[in-house]
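J.: Have a look at the structure that comes next, please.
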Amino acid sequence: MTVTAPAPAPASESVVPPARRKRRYTADQVSAGRVAWRMAAGLVVLLVFILPYTIMFFGSVKTKPEIRSVNPTYFPTEWHWENYITMWSTPETPLPQNLISTIVIAVCATLLVLLVALPAAYYTARFRFPGRMVFLFLVIVTQMLQPAVLTSGLFRQFITLGISDTWLAMILVNAAFNLSFAVWIMHSFFAGVPREVDEAAQIDGAGRVAVLFRINLPLVWPGIVTAIVFTFVACWNEFAASLVILSTAGNQPLSVALTKFVGQYETSWQYVFGVSVVAIIPVVVLFMLIEKRLVGGLTAGSVK
Amino acid sequence: MNKSVRWGAALTVAALASVSLAACGFGGGNAQSTSGGATTLNLLVPSYSDNTQKLWDTVISGFEKKYPDITVKLEVQSWDNLNDVVTTKIQANQAPDIMNGGPFAGFAADGLLYPIKDVVSSKTLGDFQKSFVEVSSVDGVQYGAPLIASARALFVNTDLMQQAGITEAPKTWDDLLADAKKISALGNGIAGYGMPLGSEEAQAESAMWFYGNGGTFGDEKKITVDGNAKNLEAAQFMQKMVTEGATEADAGATDRSPLMDIFVQGKVGMQVGLPPTVGQIKTGNPALKYEIVPMPTSDGKPVSLGVADHLMAFKNDGSKKDAITKFLDYYYTPDVYVPWVKTEGFLPTTKSGAEQLNSDEALKPFLDLLPSAVFYPNTNPKWDATNAAFKSLMGQIAQGKAPADVLKEIQAQADAG
Amino acid sequence: MSSTVETSSTTDGAATSRPVRGAGGTESRPRRGAGTTGKDLLHALPWIGPALILIFGVVLYPAVVMFYNSTRHISLSGLDQGSVGLDNYVAVFSFPYFWPILGRTVVWVVAVVALTVLISLGLAQLLDKAFPGRQLVRLAVIIPWAASVVMTTLVVYYGLEPYFGIINTFLVDLGLVSTPEGYGWTKHADTAFAWSIVVAVFVSLPFTTYTILAGLQTIPAEGLEAAKMDGAGPARTYFGIVLPQLRGALSVAILINIINVFNSLPILKTMTGSIPGYDADTVMTLIFKYIQNQHRIDVASALSVVAFLIVLVIVAVYVRAVKPMKEV
């Protein structure tokens, strides 16, 4: 149970006590019937979860009149793939710029949250200090405020600071309002790591930062991944503050851009649906990448 | 994973984060820049259709070519968000310089607006049609530059009329009720009369009925929804339409736009529409056979609901008066204004515009109705609250609540606003 | 490098079992007993300071503005016209539909959170088991999270519309709805509210399921195997071993869900938006109606403060009872 600094062996393997080794499933442990049952259940879950988005996707390749047809068909009568091309150059909104804005804001805000929340979550889970509980509660209080009435104060604040209508403003807003859940999620996972793990490392002369990065992080990967996805998704879809703070069309994220297709008496639903489909893809891709990390993080801790 | 690799990854993430944060800070946005000498006009407009942004872009580029020292910064918002955005801006002393909107009495009452005569030339001022000047004024001072107008009329599906054995469009309420019931009886999801009392525009549908019985929402000074026998009669008749099955199902929660889509596709016999509806039918279902007639009234004498939207000029620090004047004068020149109004499919508010568009086939039925049009009392500061109360309460008459109680509730909310 | 054993009170779970602190490394400081609490805070600052700066820097001012606005009279166009004391609060509480709306809000939160947690527990179990195609199912479960809530709601809303809606068409084709144009699910307060709960649960499932799934990964296999050898059935294993281990992840997930669901606006706004009256409203949609329809920022602020205090109390009670911030 010691960490020898130059050891090339995976850190997690050497510090994880046997009791924390992960379960591994092997096909031979379960009967074929049970696997079939799981697959059936999995299929039902799959279908239920993609159903609304299938409707969304079908809508995105329909013509404007067909979407509002009173005799709806289950499948589009004609597939207008060109909607996915024309939506990038509509007069209503500069969609390519909106996509870039969304990416920049969401990525920067998520990184900022991670930078700020990770140390706070780790420290509050590991160390005792006066005001610890107050801090944790204060953090969560930010989530209880109603976004709808906060926007005017936020707007005024950023006007005063001279950064209204900038990405920076929205990065700060998103980071600040999503900090709390990230702190809490990661806190709960750090708290689940047995203290002996830290102690063992510290006895071996590892510094506190090293203990956090080398010892704890690999163990709480699932929690960090959850926090990252949670934060990223929230930033990606933020609407209320962006609406008032970002007034230049090119700075606005996709969530605001979508509303530009809504006219007084008619709406270009095919674009609304198309943009929504496009907006889902990066998040799903992010998740695919990160899910591998999640699985990787888990298997790293297992001993064969 | 190797420890050093992990450390490296952590450092990379940290570095990446700080770099991108820095990039974000400097890369993002062109904040309210005030470049030397030049004036920037902030123009906040709602989206009428998918043409709106393009139309304004054209106006602005023409204007900026003529006045190179003035830049116009356009912000288009959906109608849903327009009010939210402008109140937030006003709270932060960042009102737009020019805004396109509906009610302006609240802004005028707070002293935020220039009187229109201060920001247009006398030529432009004299070109506004008289009836619109009246509805743009509070206490005799005109604060809104009327932008577009609409009148409402009954769109009648003549195919369905024929199938139901009706030869002539109804002129009175009793005819309307009888005809609508006949059309409803065709079955197959067909509704006789489309009555959209959902939150979208319940006030407009109500106005058509109230005005059609000689009722009123009130005037500049006082909101009188309740306590007017004509209003109550109208509301009772509306309820009768619903209970006798002359309308679509769930009339109280049906919004106007989706119902109009259903009309366009031939499943509603009659529904109140406005000028842009003509364009919607053209794109949505050009095969639809329909006619446009005045809305039936209790006594058969035509009345219409008129609505005018306005441009208003905010004072802010008072430094942009000249630039605003130049912009408004430019906008209202017929060469700029007429194509704008025509493309959006509304009625013009200027005399010169009306002359050019009088011959327009699609607009004619509405232009004919304009003289009989009654407007919302939107110069009354309580109108906003009244409007909101209609939207959220009026539909209840279609759910069986006593009309007298509903009108009382609306009045109470209006008074409280 | 030295390390000292700290004596600490027993009230604090996460910290009490910590006998050693700051041993070794550049950051370590020798400890001199329990009396140096101020120093403890000082040590904590580099770790929690950035979070505090971000929160106070961004959130404090708008929050203060909200409280301030709730005591002012604000004109329709947004101008502050002076103090009105607590009049806005009087307006909130004297609104005849306030109490039914508050009751409905409680139903909303309890129903959505309870259903979400129950379904998520089952889903997480399934996704934790090995079967071909599991990764695909996991990906599908993430989609409602990736998609914006507004869009998911809009799609369901249009599916449910009479005439246009594909869900209505499907129900008509199945013969479950007799009118050819479908049924107005979103036009009746009760059905619209019920569907809103369905949508809210649907969009809350991914996060909750994944939090539980992540929690499941941290359960040691040995305990499960031991239980198996003792002859414990799946139910006893689940309730005796798995569920207690999930406590940390689950309690935080529930807390986050409570707050999110209470504050959720877009679902109800869309699903019940066209319904007249206040029979399908929650506190959130009422705030929205004050802002959007009546342009009463002052009353909306007062109601927001009330809503804030309600959540605060709920969360305080929850935190006290469940202690989600403590060690598992």
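From the backbone N, Cα and C atoms, a Cβ is placed for every residue, glycine too.
Given the structure is predicted, the values throughout are model-derived calculations rather than measurements.
Residues or ranges marked as compositional bias 'Polar residues' in TrEMBL: C:1-14. Annotated region 'Disordered' per TrEMBL: C:1-35, in sequence order. Taken from TrEMBL, the feature transmembrane segment covers C:47-69, C:105-127, C:139-160, C:192-216, C:237-259, C:299-319. Summarising the annotation, TrEMBL assigns domain 'ABC transmembrane type-1' to C:102-318.
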J.: To the transmembrane segment (C:47-69), which of C:105-127, C:139-160, C:237-259, C:299-319 is linked by the most Cβ pairs under 8 Å?
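T.: So the stretch in question is C:299-319.
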J.: At a threshold of under 8 Å on Cβ distances, which of C:105-127, C:237-259, C:299-319 pairs most often with the transmembrane segment (C:192-216)?
T.: C:105-127
J.: Under an 8 Å Cβ to Cβ limit, what residues of the same chain, 6 or more beyond the ends of the transmembrane segment (C:237-259), are close to it?
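T.: 109, 112-113, 116-117, 120, 204, 207-208, 211-212, 214-216, 218-219, 223-224, 227-228, 311, 314-315, 318-319, 322-324, 327-328.
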J.: Residue list, the transmembrane segment (C:299-319) vs rest of chain: Cβ under 8 Å, 6 or more residues beyond ends.
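T.: Residues packing against the transmembrane segment (C:299-319) from afar: 66-67, 69-71, 88-89, 91-92, 102, 254-255, 258-259, 262-263, 283-284, 286-287, 290-291, 325.
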